[in-house]
Every structure is written in C-alpha cells, then in structure tokens.
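A.B. asks: Let me give you the structure first, and then I'll get to my questions.
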C-alpha cells in the first residue's frame with residue numbers, strides 16, 4: 001500500500017491525470033472510454049481538493065462528494081438541461097483543487113522534488129480547467145472554436161488547451177468567438193507566468209538548498 005505522503009500523493013495524482021488525458025486519444029472516442037476518463041479526472045480533482053484532510057470523516061466526505069459529482073455528470077448525459085449545473089459544479093471543484101494545490105506549494109519553506117512534482121501536476125490541472133471552459137463556450141456558442149470536423153469535443157479541447165497553455169499554437173484549432181479569443185489569450189499568459197514564477201522559484205529554491213548542503 002502506498003504511504004500517505006505528499007510525494008506519493010502528487011506523483012500518483014499526476015499519473016492518473018495523464019492517464020485520463022490519454023485514454024480517448026489512445027483508445028478512441030466511445031462511451032466506456034469517456035466514462036472512465038471522466039471518473040479518473042473527477043477522482044483526481046476531489047483527491048487534490050482533500051489532499052490536506054487526514055481524518056476519517058473528511059475522507060468519507062470527499063468520497064461522497066466524488067460519487068455525487070460523478071452521478072450528477074452521468075445523469076446530465078441523458079438530461080441536457082443539467083449540463084449547465086454540472087459545468088458550474090465542475091468549474092468550482094477544479095478551482096478548489098487548484099487553490100489547494102497552489103496553497104500547499106506556496107506554504108513550503110524550501111523547494112524539493114516533491115514540490116516540483118506538485119507544480120507539474122498543478123500546471124496540467126490548469127490545462128484541464130481551461131479545457132472545461134472551452135467545452136462550455138463551444139456548447140453555448142457552437143462554432144466559437146474552429147475544431148476539425150467530427151473531432152471529439154473533449155479531447156480536442158484538452159489538446160487545444162495544452163498547446164495554448166504552453167504557447168505552442170500550431171494553428172490547426174483557432175478561437176473564433178471573442179470570448180474564446182480572450183480566454184485563449186489569458187491561458188497563454190497564465191501558462192508563461194506559471195512557468196516563470198511558480199516552477200522557476202521551486203527549481204531555484206531546490207538548487208539553492210542542494211548547494212547549501
């Protein structure tokens with residue numbers, strides 16, 4: 001059994017998050033793959049949100065919240081009217097997970113490998129949060145983002161979010177609606193600042209601590 005230490009926690013969550021991202025591109029778009037990827041993503045978000053909770057009641061509350069969120073998302077697949085509610089809940093959950101992740105990283109007195117893994121996890125989680133924004137923008141205003149014809153919405157949004165966050169910008173997917181353009185620009189700014197400030201400070205602190213030994 002894995003020890004409940006921050007290093008194992010961040011590493012395991014990062015692996016699960018990457019698996020959730022790669023499922024659909026590797027195995028193709030299908031309902032089982034979609035549900036498995038959704039379950040993994042929601043588990044990662046809830047686990048990150050409750051990462052500092054160690055008591056049994058808190059863990060039970062986290063499990064109940066994860067089951068409720070997943071159940072509501074499943075129900076929304078068959079009831080279109082619930083998409084907006086589930087989207088709002090998903091954004092709040094992701095925002096909470098990002099806040100807890102960044103707070104844990106910033107509260108550390110010195111950078112180490114554990115903090116660096118957590119920073120990478122937070123970076124990828126940022127991309128997933130923006131991908132959810134892009135999905136909702138496209139559902140609210142079809143054609144707001146020029147995705148390739150017949151491309152799966154979720155995996156295409158994740159791909160677009162990743163290349164925007166990292167400022168790659170291949171140009172195969174373009175924002176058309178003004179809101180999509182603004183959100184894309186903001187994501188690029190956040191991605192650059194995150195690398196420069198968060199990861200840069202952690203790496204600098206880690207190297208400084210090694211030289212002091």
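All residue numbers here begin at 1 and follow the chain in the order shown.
The backbone N, Cα and C atoms fix where each Cβ goes, and this holds for glycine too.
Predicted, not measured: the structure shown is a model, and the values here were computed from it.
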A.B. asks: Kindly point out the range from 22-37, 38-53, 150-165 that TrEMBL annotates with transmembrane segment.
C.D. replies: 38-53
A.B. asks: Taking a Cβ cut-off under 8 Å, which residues six or more beyond the ends of the transmembrane segment (188-206) line up next to it in the same chain?
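C.D. replies: Sequence-distant neighbours of the transmembrane segment (188-206): 102, 105, 110-113, 115-116, 119-120, 122-123, 126, 164-167, 169.
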